[in-house]
Structures are given as C-alpha cells and as structure tokens.
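Contents: one structure, followed by commentary.
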Amino acid sequence: MKTFVLHIFIFALVAFASASRDSAKKIGSQYDNYETCLTEHGLTDDDVFSIGEVSSGQHKTNHEDTELHKNGCVLQCMLEKDGLMSGADYDEEKMREDYIKETGAQPGDQRIEALNACMHETTDMEDKCDKSLLLVACVLAAEAVLADSNEGA
C-alpha cells in the first residue's frame, strides 16, 4: 500500500502550486483516506469545499456553520489517520517534517514560516474539527498570497 503522507500543509502546497488548475478540486480528494473519512462523517464529495473556496475565504460566507464543522471533521480525520493529529493536538514536528519532505522547502522558506504561523494561530483551539479547517484555510490563504507576490516579482 502506498505510503499515505497527508496533512493540511500538503493540501495547501498542492493547491498553491497549481491554484488556477486545481481551484475546483476538493480539499484532500487526492489522498487515500479521503473516501474513508467522508464515509465516517456521513459526507459525500459534493459536501466538501473546493480548494478555491477555502483559499479565497469564500467557504466562510457561502456555507452554514454545520457545513464548516463537518468539513473540518473530514480534514481532522485524515490528519489523525496520518499521525499528524491526535484529537485536537498537532504533532507539530511531524507536520513540519512531512511538509519539508513533500515540498522541498528549505529553512527560511516563507512557506515554512506560514505553516508555523498558522499552527501557532490555531494551537489553543479546543474543537478538533474547527481547528483543522482553520489551519487549512490559514495555510491556503498564506500560500495564495505568496503565490501572488511571486508572480508579481
């Protein structure tokens, strides 16, 4: 079975690297535990937010709180199955290690700084589902800004 390296940061990086092409793609849909986590939380692919919705912040205005929470639960499920979260607690070191491995980011890279800032911003949240969605949204938004600034350079 192929190794499943999934966490919110990989979602974000995949989204950022090809944002225009992948903006309609559902967050996490390319990963092995996606379908399992959808089933565990009683959702379908149609219920999951697109990368574009989350990176732009539209998910907050276009959806009800229950939809936000359920999407967060799917994300948390995938993070937990990959050993990156336990309940509402991050394994920050493992998240960084996996992120660096997947992205090739080097120390001082703004993407790592964004990841660290997003983890710090959400670390005290107690609800594991809301925390997971906010983390993903934070990283996606930061990566979108970084991608835009790099295009203008």
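Including glycine, each Cβ sits where the backbone N, Cα and C put it.
So that you can see what the record holds, here are the features copied from Swiss-Prot:
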DISULFID  C37-C77  disulfide bond
DISULFID  C73-C129  disulfide bond
DISULFID  C118-C138  disulfide bond
SIGNAL    1-19  signal peptide
Listed in sequence order, the disulfide-bonded residues within 10 angstroms (C-alpha to C-alpha) of C77 (disulfide bond) out of C118, C129, C138 are C129
Quick one: pull the CA-CA distance for C37 (disulfide bond) versus C73 (disulfide bond), whole Å only.
8
For C77 (disulfide bond), the number of other Cβ atoms found within 10 Å of its own Cβ
23
Between C138 (disulfide bond) and C129 (disulfide bond), what C-alpha distance do you get in Å?
14
What number of additional C-beta atoms lies within 10 angstroms of the C-beta atom of C129 (disulfide bond)?
20
Assigned element (helix, strand, coil) containing C73 (disulfide bond), judged by DSSP:
helix
